[in-house]
Structure formats: C-alpha cells, structure tokens
C-alpha cells in the first residue's frame, strides 16, 4: 500500500458523492455536515427511531457517534445499525469517551456486541476501554496513557472482527493482519472541537466507495492529515478560529496529488 494507490480513493469519493448517515452528537453536527460537504460527500443527520432504519438502508455508510449520549439515541443507533447490517451498509462506530463513566462504557461495549462494525475509530483510551483493557482516561477527549497502541488496535480488530483505527499523534489502522501507521496531521486539530468526530464521518465517506476498509481508512486518514497540514501552514499563527475555516477549505481543495506528495504512511 502506497500514497499513489490510496490517493485514488479521494477522487472516487468526489465522483460518487456518497450519502453518509450520521447519528452523531449535538456539539459537532454542523461541523460534521460542512466537512462532509466540503469533501464531496452528502451528509444526512437522521436521529428519530421512526426513520433511522429506513435512512440507514439507503446510505453509503452509517456513522454512530456517542459523544452526547442519551438513551433514545442509543435505541436509534441500534435500530439503524441492524438495518445497515441487513442491507450491507458499512457501519462505523466512534465510542467517544468510553471509560469516562460506567454508562458510557456500557454503551460502548454493547453497540459492537449487537452490530457488525466495518470500522471502530477512537483514541487509544477509548478503544482500550471498549475491549476492557486498562488505560488512563480523563474526560471524552483523553487519549494519553500507558500501553502499546498497535497492540491495542490489533486486539480490538481481532475481538470485534473489524478494522480498528486509533488516532493520536500517529494514527494506526489494522484488521489484525495488515497494520499501517499514518504520520500526517497537525497539533492544532486538538484546539477545534469535533475534528475527531468529523474524521470518523470522513472515513465513512471513504468506506462507502472502497470496500477494502483498511485501504479506505488509510486513505481517509492521510487525506485528512494532509488537509490539516496545508490549512495549518496558512493559519496556525492566527489561531484555531482561522484554522477551522481554512481546514474546511482544504477538505474541498486537497487533491490526490497532494496526498501522493505529502502523505506519510508506513506498513508495519
């Protein structure tokens, strides 16, 4: 796997304009929708239990994000996820804050037990807590802890029968057999809320058009990281507000050529 190979997935997303069904959190809904539109995908935010199964059945991908967790949304996620499974729609799960509270951890473990996942995406602490491995966590954005990230990712992929994506200073993608590290991105991403949540939805757009989910995830992460680097180069001295606007611009303007030129991936 190389940057030339994965760069083609970006063009495919823009040509296909996939419908990405998001059941996400209230903090990031607008940013997620705008980010997907900028990329070239079609976002829909449908949460009502009366319609989620139908909406999920016609989507290119379904993204479940438990950032602002409520029982009615959990019910909707389960309905949507099972419909997606029945209709061969890939499901992505972002277990935001898993480990922060007992209820949040319970839900983070229940959803993968009930729904077949194409991708699980989180920081190291979240993924570790989903598979009941000890890792430090403080709040929903924590990811710093003691442990081997690659080992946790492989364990999650094996136990959950999915592609595990752990993001941080370096990103890891694995299906338990193939493992790739991506070294793109910028630290200013941590100063804008919702960049991780948007990333999961962007991976959803890539998964909708590329059925090799490892390749799709690596392509999405590399694209996202390169876009962040290009945006930061223009705005980092101004601050996160300017960066957020330019980042949306770069999600629209970053090309497959940029990925070939700036992408940093390593198969391990």
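Glycine residues also receive a Cβ, built from the backbone N, Cα and C atoms like all the rest.
As recorded in Swiss-Prot, the features of this protein are as follows:
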- 45, 194: substrate binding site (BINDING)
- 121, 167: ATP binding site (BINDING)
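Around residue 121 (ATP binding site), the same-chain residues six or more apart in sequence whose CB sits under 8 Å from its CB are 92, 93, 94, 165, 166, 167, 199, 200, 203, 217, listed in sequence order.
Neighbour counts of Cβ atoms within 10 Å were taken for the binding-site residues 45, 167, 194; the minimum is at 45.
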